[in-house]
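Novice: Submitted below is the structure of interest, expressed as structure tokens.
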Amino acid sequence: MTDQLTHFNEQNRARMVDVSEKDVTKRVAVAESQISMKPETLARIREGRIEKGDVLAVAQVAGVMAAKKTWEIIPMCHPLPLTGIDIQFAFEDETTLAITGTVKTTGKTGVEMEALTAVSVAALTVYDMCKAMDKEMIIGPTSLQSKTGGKSGDFHRGEK
């Protein structure tokens with residue numbers, strides 16, 4: 001793995017990396033985020049009693065849409081043909097909702113940013129739908145858990 005930054009040109013200005021010479025490989029990235037809230041708020045999400053609707057269904061769709069649009073909001077991301085996006089939720093305890101996003105493609109560049117964007121927007125959507133009853137919700141941490149495929153090799157959080 002290289003420590004050299006690749007998003008700058010000879011004039012030290014930002015550029016989109018040229019991936020035309022890279023090999024096409026299967027790539028998978030998994031990201032996680034969480035949102036902490038009052039126990040009553042999480043209970044109402046679990047029971048489907050939020051006035052704006054089914055929070056998890058809307059957040060799931062928002063996460064999928066965000067992954068597909070990542071290249072439009074992160075300036076140096078490449079537009080990618082994503083082959084799979086999965087957003088999952090877990091009630092970690094009485095105050096924490098965990099969000100996991102898995103994004104897949106077969107291409108010349110990875111999908112880490114798509115996975116991170118997916119879980120971030122899913123968490124923001126939960127916040128938006130519940131803010132009327134709980135403005136003290138906290139989003140994070142958000143992190144890349146793993147990525148496979150590509151020139152830089154595989155990454156699994158916690159492994160050396």
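We number each residue from 1, going along the chain as drawn.
Each Cβ is built from the backbone N, Cα and C atoms, and glycine gets one as well.
Straight from Swiss-Prot, here's the annotation block:
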type	residues	note
ACT_SITE	Asp128	active site
BINDING	Met76, Cys77, His78, Met113, Glu114	substrate binding site
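Map these features onto the structure and tell me what's around them.
Specialist: Taking all protein chains in view, 15 other C-beta atoms sit within 10 angstroms of the C-beta of Asp128 (active site).
Mapped onto three states, the DSSP output places Met76 (substrate binding site) in coil. Around the Cβ of Met76 (substrate binding site), a 10 Å sphere holds 12 further Cβ atoms from the protein chains shown.
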Novice: State, in Å as a whole number, the widest CA to CA span among the substrate-binding residues Met76, Cys77, His78, Met113, Glu114 given in the record.
Specialist: 12
Novice: List the same-chain residues at least 6 positions away in sequence whose Cβ sits under 8 Å from the Cβ of His78 (substrate binding site), in sequence order, or say none.
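Specialist: Non-local contacts for His78 (substrate binding site): Met16, Val17, Val19, Trp71, Lys108, Thr109.
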Novice: Distance check, please: Cα of Cys77 (substrate binding site) against Cα of Asp128 (active site), rounded to an integer number of angstrom.
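Specialist: It is 26 Å, counting Cα to Cα.
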Novice: Sequence gap of 6 or more, C-beta under 8 Å: which same-chain residues meet both conditions with respect to Glu114 (substrate binding site)?
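Specialist: For Glu114 (substrate binding site), the qualifying residues are Ala29, Ala67, Lys68, Thr70, Cys77, Leu80, Leu82, Ile85, Val103.
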Novice: Three-state secondary structure of Met113 (substrate binding site) from DSSP?
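Specialist: Note: Met113 (substrate binding site) is helical by DSSP.
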